[in-house]
């Protein structure tokens with residue numbers, strides 16, 4: 001397995017647009033062959049990809065190896081679930097002595113869930129970014145597990161068993177998201193917007209500072225660049241997008257549980273990013289489809305399908321430095337020599 005030679009930006013753009021077109025045509029094709037179940041599966045993949053893309057921003061470009069990224073997915077999911085629960089029950093949420101009414105309107109709940117996830121990421125980032133390396137990994141893991149056990153203790157919202165919703169969020173009072181294909185296209189559209197926005201971000205001065213700090217933090221600080229401030233901004237933004245993935249996940253399953261925050265979910269996101277290609281943004285989307293595809297196929301053969309996934313991941317790390325994205329499409333022309341910042 002070897003990476004292809006770099007392709008021109010125009011060819012790369014064409015391949016990415018072709019992939020987007022294929023995803024857009026997927027629901028009608030699946031309906032045509034009478035396999036609507038796979039629309040639901042593809043929706044799950046898109047949501048996983050969205051969470052992985054948010055992790056790729058801080059991991060692939062910022063060099064921040066977070067082992068607690070699923071915490072922000074869970075926070076966004078629980079904000080959605082708790083507000084929907086109180087909206088259905090008709091009683092307010094008592095928060096610090098204030099009565100917060102339950103809500104099920106997506107145009108209000110989704111930005112609110114992203115904001116809460118962003119605040120959680122900001123608070124965790126302020127503390128964890130004071131460290132680096134293994135210490136950063138362990139602190140992010142510790143905070144994620146703290147939030148996990150906090151939600152397990154909330155028996156009013158199902159505790160360890162989770163909380164079942166009575167439907168998806170409404171849009172302007174309508175059940176627009178209840179339709180399977182409509183919800184798929186909402187997820188696809190949001191993923192495309194996030195990837196495009198992140199691409200512009202990492203190609204801007206902000207992204208160059210992030211990548212420069214990853215390669216040589218001491219030099220960037222010597223130049224007077226506030227590295228920690230940039231990293232904290234990226235960490236907060238990634239947390240907000242991960243929260244959006246949590247919102248979509250809860251709406252898709254109509255169920256939320258503490259497993260969204262578990263360290264195994266964070267590990268799964270890391271696998272998706274590494275498998276698809278760190279520092280690529282599109283790579284995690286490819287990684288999500290490959291991982292979920294392997295799970296779907298191998299789960300029918302053995303319940304220990306992860307045993308087979310392990311060697312596959314090892315081969316990718318050893319022989320495709322830029323992940324599957326770099327192997328299929330090739331690295332960008334200005335990619336780093338070590339492959340860490342390739343896209």
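Counting starts with 1 at the first residue shown.
Every residue, even glycine, has its Cβ placed from backbone N, Cα and C.
Remember, TrEMBL labels are computer predictions, not curated facts.
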### Query
If you check TrEMBL, which stretch out of 3-22, 163-182, 183-202 is marked transmembrane segment?
183-202
#### Entry: Residue numbers, six or more beyond the limits of the transmembrane segment (41-60), whose CB comes under 8 Å of its CB atoms
23, 26-27, 30, 66, 69-70, 72-73, 180, 183-184, 187-188, 190-191, 194-195, 198, 201-202, 231, 234-235, 237-239, 241-242, 244-246, 248-249, 252, 268-270, 272-273, 276-281, 283-285, 287-289, 291-292, 296, 340-341
### Query
Can you say which of 67-88, 136-157, 183-202, 230-249 has the most Cβ pairs under 8 Å with the transmembrane segment (269-292)?
183-202
### Task
Quick one: find which recorded stretch in 136-157, 183-202, 230-249 has the most Cβ pairs under 8 Å with the transmembrane segment (108-129).
230-249
### Task
May I ask for the residues of the chain that lie six or more residues beyond the transmembrane segment (183-202) and have a Cβ under 8 Å from a Cβ within it?
20, 23-24, 26-27, 39, 42-43, 46-47, 49-50, 53-54, 57, 61, 168, 177, 210-211, 241, 244, 248, 251-252, 281-282, 285, 343
